[in-house]
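What Swiss-Prot annotates here:
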- 70-93: transmembrane segment (TRANSMEM)
- 156-179: transmembrane segment (TRANSMEM)
- 195-219: transmembrane segment (TRANSMEM)
- 291-309: transmembrane segment (TRANSMEM)
- 346-369: transmembrane segment (TRANSMEM)
- 385-411: transmembrane segment (TRANSMEM)
- 433-455: transmembrane segment (TRANSMEM)
- 531-549: transmembrane segment (TRANSMEM)
- C573, C582: [4Fe-4S] cluster binding site (BINDING)
- 589-610: transmembrane segment (TRANSMEM)
- 664-686: transmembrane segment (TRANSMEM)
- H675: chlorophyll a' binding site (BINDING)
- M683, Y691: chlorophyll a binding site (BINDING)
- W692: phylloquinone binding site (BINDING)
- 724-744: transmembrane segment (TRANSMEM)
Amino acid sequence: MIIRSPEPEVKILVDRDPVKTSFEEWARPGHFSRTIAKGPDTTTWIWNLHADAHDFDSHTSDLEEISRKIFSAHFGQLSIIFLWLSGMYFHGARFSNYEAWLSDPTHIGPSAQVVWPIVGQEILNGDVGGGFRGIQITSGFFQIWRASGITSELQLYCTAIGALVFAALMLFAGWFHYHKAAPKLAWFQDVESMLNHHLAGLLGLGSLSWAGHQVHVSLPINQFLNAGVDPKEIPLPHEFILNRDLLAQLYPSFAEGATPFFTLNWSKYAEFLTFRGGLDPVTGGLWLTDIAHHHLAIAILFLIAGHMYKTNWGIGHSLNDILEAHKGPFTGQGHKGLYEILTTSWHAQLSLNLAMLGSLTIVVAHHMYSMPPYPYLATDYGTQLSLFTHHMWIGGFLIVGAAAHAAIFMVRDYDPTTRYNDLLDRVLRHRDAIISHLNWVCIFLGFHSFGLYIHNDTMSALGRPQDMFSDTAIQLQPVFAQWIQNTHTLAPGATAPGATASTSLTWGGGDLVAVGGKVALLPIPLGTADFLVHHIHAFTIHVTVLILLKGVLFARSSRLIPDKANLGFRFPCDGPGRGGTCQVSAWDHVFLGLFWMYNSISVVIFHFSWKMQSDVWGTISDQGVVTHITGGNFAQSSITINGWLRDFLWAQASQVIQSYGSSLSAYGLLFLGAHFVWAFSLMFLFSGRGYWQELIESIVWAHNKLKVAPATQPRALSIVQGRAVGVTHYLLGGIATTWAFFLARIIAVG
């Protein structure tokens, strides 16, 4: 007799019609909170409404309901993303010079916006080449479209309409999965199933379908474009997909179909799945055949990864078991209990995801210029600078967000009674040692990194160049970085025998790729100047980490306020009668961390902008002589603070300051306006609440005199609200100022 284990019952994972659909809620602002729903007595009401509208934790303590709201909101977010994408593609279809750019990407600039003449704004429509007048864009969309095989504005139209359909679909899904079929909590907590689906589905099949698109559509179309064939003559994407003979003309192995795959004769496919390294000399981008190969390989990895976790079949990893077993000799209980944390606290989960995604975004920023993935991206200096800056800012914000949600987790979701001697508990128990050591590191880095600059400024002022730290006097070469560069340069034929060139031209070697007389990429030399500024990077990053980590580790308690957890994530002070306890909440640490994040990223993007203009970007003559935009002045000028002020900020601001009366004048106005927004922030940051309350009361008195006083009492912003408004305008003003400064400069000279 065979004894079988009983078949697992099929679990019903959704509730039907849990929340009725009604528009009545929309007419009641603050319906999620009893106090706010009563309506405004004072102007504080509108601030509380904004602060709490998306704080689902404060609406209910039911984890299932919170999870459903987050899940539904994600579909809304996706809908907005599709809507935005549709707008980008529609602009490409309706207002752009894409087809002209496609025919001559080296002499024609990308533009997808033509300004209407109302009171003279048409001055902004600059001549981007090919007889087209419009605003030069630096988003990189044209390069992506070419890489994906889009050859006409009609195709952009169709894609834009497709994205709108998807936006509507996402909007519907958000409604459906909250009001009609809402998942149960168990579904949100089914980690193994989620991993399998996300790894195999999103990343595995996603990469596989992109690889398929690249092989069947992008590669043949780009091969024709590179050979100078008129885009109108090139067969349409569906013709390549449906007609194998067309592909076989370009890649003969296509005639054999899938036979080489099943007979393990994979080298047959080396025509379109390559491992070359380096850049395509025609377009200055990575070889598209390398990119297709990469996506195929990634797809295989993720498809395997998506079959590793135990679900309905009793085979595979259990995440809980992995975490429970994760104990080292010095880590006590290790990761015991982490599984419960990550399945019951979405803040903890989000914190990890933000930290990893933020780091990844910064990695993307560094790869976009060193391994430019799209055709003609590397020679479009404005786009290169924009993409680097954009990804650095986004990465910085995501990492601060990681600290914010880690602190919210500590305050709202951490239960000290059930956590003993696991890794988190052990970190919390020696937090004083961590923070004081980190503080020492920050002081060391700060004094030494700035000390090197100040030494140079002093020696320069005294006329003693021989006593400066520079490549021509006292050298401080970044020997470790140079060793890494050299190792990568020598890799082809040695540690990477299959590759014909190293992963990036920036590592070294004699290669230079120029397209249409412009430098795409060349080896980037590192010297004393880079050594100095890298230590400023180390300093600013460590200070950011110090502030954020202190906020997380002291979110629940500190010697100053032992019961901090009871006060919540954000509070102004520990009540009246306890002086010196203001601005210690976890929220305030995020607030301060944002300023240092801004410092960190600013130094990075300034370094990048100047270094590339000095040592990489420029033109190449017929004799092969390279002339860089700023003539290689980085190595000698950036080693003093005065050099940064004079030869970078001041010298390169001339384009934005003198932009009036030209097509770049919008950047001049933005530069001015964003400085104003930034200065406006200081009013909120340097002034106390009482000052404004007194002022408001005089103004209210005047209104009462004239019998025009409003029913809703005006109130000064609370301390936290004032700081929030301040930091928002500080960052917005600073980022927009930098944006105007960079773009006016690089569009004028690049």
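Even glycines carry a Cβ here, placed using N, Cα and C.
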Tertiary neighbours of M683 (chlorophyll a binding site) (same chain, Cβ under 8 Å, six or more apart): G726
For C582 ([4Fe-4S] cluster binding site), the number of other Cβ atoms found within 10 Å of its own Cβ: 13
Residue pair C582 ([4Fe-4S] cluster binding site), Y691 (chlorophyll a binding site) - Cα distance, angstrom, rounded: 17
Two-stretch contact, the transmembrane segment (433-455) and the transmembrane segment (385-411), at least three Cβ pairs under 8 Å: no
For H675 (chlorophyll a' binding site), nearby residues of its own chain (Cβ under 8 Å, 6 or more apart in sequence): G733, T737
Inter-residue C-alpha distance, C573 ([4Fe-4S] cluster binding site) and Y691 (chlorophyll a binding site) (nearest angstrom): 18
Intrachain residues whose Cβ lies under 8 Å of the transmembrane segment (385-411), provided they are six or more past its termini: 138-140, 341, 345, 347-348, 350-355, 357-362, 364-366, 368-369, 544, 548-549, 551-552, 555-556, 565, 568-569, 586-587, 589-590, 593-594, 597-598, 600-601, 604-605, 608-609, 612, 735, 738-739, 742-743, 746, 750
Cβ pairs under 8 Å between the transmembrane segment (724-744) and the transmembrane segment (70-93), at least three: no
Positions on the same chain near the transmembrane segment (531-549), where near means CB under 8 A and six or more residues out: 399-400, 403, 434-435, 438-439, 441-442, 445-446, 448-450, 452-453, 469, 476-478, 481, 589-590, 592-593, 596-597, 599-600, 603-604, 607, 638-639
All-chain count of other Cβ atoms within 10 Å of the residue listed as 'phylloquinone binding site': 17
